[in-house]
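Down below is the structure, laid out as structure tokens.
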Amino acid sequence: MAMFTTMTALTLTSLIPPITATLINPNKKNSYPHYVKTAIASAFTISLIPTTMFICLGQETIITNWCWTTTQTLQLSLSFKLDYFSMTFLPVALFVTWSIMEFSLWYMASDPNINQFFKYLLIFLITMIILITANNLLQLFIGWEGVGIMSFLLISWWYARTDANTAAIQAILYNRIGDIGFILTLAWFLLHSNSWELQQVFLLNNNPNLLPLLGLLLAAAGKSAQLGLHPWLPSAMEGPTPVSALLHSSTMVVAGIFLLIRFHPLMENNPPIQTLALCLGAITTLFAAICALTQNDIKKIVAFSTSSQLGLMMVTIGINQPHLAFLHICTHAFFKALLFMCSGSIIHNLNNEQDIRKMGGLLKTMPLTSTSLTISSLALAGMPFLSGFYSKDLIIETASMSYTNAWALSITLIATSLTSAYSTRMILHTLTGKPLLPTPISINENNPTLLNPIKRLMTGSLFTGFLITSNIPPTSLPQTTTPLYLKLAALTATLLGLLVALDLNYLANKLKVKTPPPAFYFSTMLGFYPNIIHRMIPHLSLLMSQNLSLLLLDLTWLEKLMPKAISQHQTSASTTISTQKGMIKLYFLSFLIPLLLTLLMIS
């Protein structure tokens, strides 16, 4: 076990020198990005040793190195939990990040601040590793906030663009809503368990209150972009493509699902929170799939596919299968990073064109990118024997076996079919047909820093699911004993979506342009959610505050007290004065007649 913990600690500490190098020598040379890439590749190689030892021994470990602080009743220590989840995810995250770093050498070659960009990506990875290896809630919260702030910095990397700044602010604000739930959970456990160590929290709360679990679900919904807190995820595409690849594959967006996986010993005894997670995930996966159907930006399509897969992971949490959700996180990391890399390769070679309607014919001009895009899209759709199949098919089989509501299962199957449909649509628009770009361009697919990471991730997308399920079997995976028609449900849904997309694409080429129906606008405008939340509600609140200040203050109190009051007094005075006609004889006569009458009465 000493060897196991030593090699794991070496893996974690090998990522620190590139950060300290920037503090010692701020004027970094051009070799710094290569240094960071090599450090991550070395960390990945080292991490294979403790992961292999864990597979052989199967014994989880908790390393407690240093006591941070001690109050009267609470002790906080720096502790790492090296169990099935962290030891499996560590090499996956390092491998994917290594490939993304090498891809960034090609994609960001002309950026003057590429050294800082690589440093930010490395810190992003380190904060995610802190999150997955944390053994107490405070350490987990540090990693949680770390991925949040690094996502803000990386999404707004091109800070001169208004859209990039707006997207970064959206990401940080929506995540602050989720952080409210996390802090609520922290406070509840401190008050009731007097500890933030995970093993003590699980031991003392066999039947926990609904409140901390609701806080955890809110935190996960914010970080993993579930319905209601989802608009920041497609907006985050304003960042560079390597940022999108890292953000969506193995870091920030899966952090919320990973949080619920960590706390599954508490959730498995609480049916209401499981039902809530199931329904939330089912609605999210269907909504995101519907939105992806009509998007024309290639990165937005991949972003909504991420949101849909996160909903599927939430469904898996809801049917009490955390190991299955974790398996899908691991397989999803490979093909999602590959999808973004292929998108980045296409965008870069087509002079930053992202509209799939202006692409076409790339199958011959970019063969490796086209092959990789097809493989990753099929893995996303759950095509048999690709990496996504081993997790996605098992999720749907388990959901069909579980004693849960058929409504959630039905819309999950519909979302699976739609996933196949929008993946096929993207492939047909980008790779087949005639080139639709208005100007001739020079396509170069021969750079090794582009080809090598794509080849590595393509290999991962082909074989990772098989390797993980064969060599690292979790003890709680369900043994599915379903009838044949249920066994083929997921595959049938995938093939149905594929055929529908092919047929619709064939028909669309012969249709005349007409006014689209309202349902089309629901999909293209993302369910009108951004218009309502980001436009209508702020507009109504600003209008109400303007009317209050205008009607109550300016038009009522101020005018009644000052201008209108003075005006009314002056008007009445001037009216009184203006009634005087200046006829002095008549005035004296009117005075004299009453005087004479009075004298006569007296006498």
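Note: Cβ is positioned from N, Cα and C throughout, glycine not excepted.
If you look up Swiss-Prot, you'll see 38-58, 122-142, 171-191, 211-233, 241-261, 273-293, 301-320, 325-347, 366-386, 405-424, 457-477, 537-557 (among others) marked as transmembrane segment.
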Touch test for the transmembrane segment (211-233) and the transmembrane segment (38-58), at least 3 Cβ pairs under 8 Å: no
Positions on the same chain near the transmembrane segment (325-347), where near means CB under 8 A and six or more residues out: 85, 88-89, 92-93, 96, 99-100, 103, 107, 241-242, 244-246, 248-250, 254, 257-258, 260-261, 298-299, 302, 305-306, 309, 312-314, 316-317, 353-354, 359, 362, 366, 369, 372-373, 375-377, 379-380, 386-388, 390-392, 394-395, 430, 445, 450, 453-454, 457-458, 460-461, 464-465, 468-469, 474, 477
Distal contacts, the transmembrane segment (366-386) - CB-CB under 8 A, six or more residues away: 305, 309, 331, 334-336, 338-339, 341-343, 345-346, 349, 392-393, 416, 419-420, 423-424, 426-427, 430-431, 443, 445, 451, 454-455, 457-458, 461-462, 465-466, 490-491, 494, 497-498
Seg_contact(the transmembrane segment (241-261), the transmembrane segment (122-142)) with at least 3 CB pairs under 8 angstroms, min sep 6: yes
Best-contacting stretch, by C-beta pairs under 8 Å, relative to the transmembrane segment (405-424) and drawn from 171-191, 273-293, 301-320: 273-293
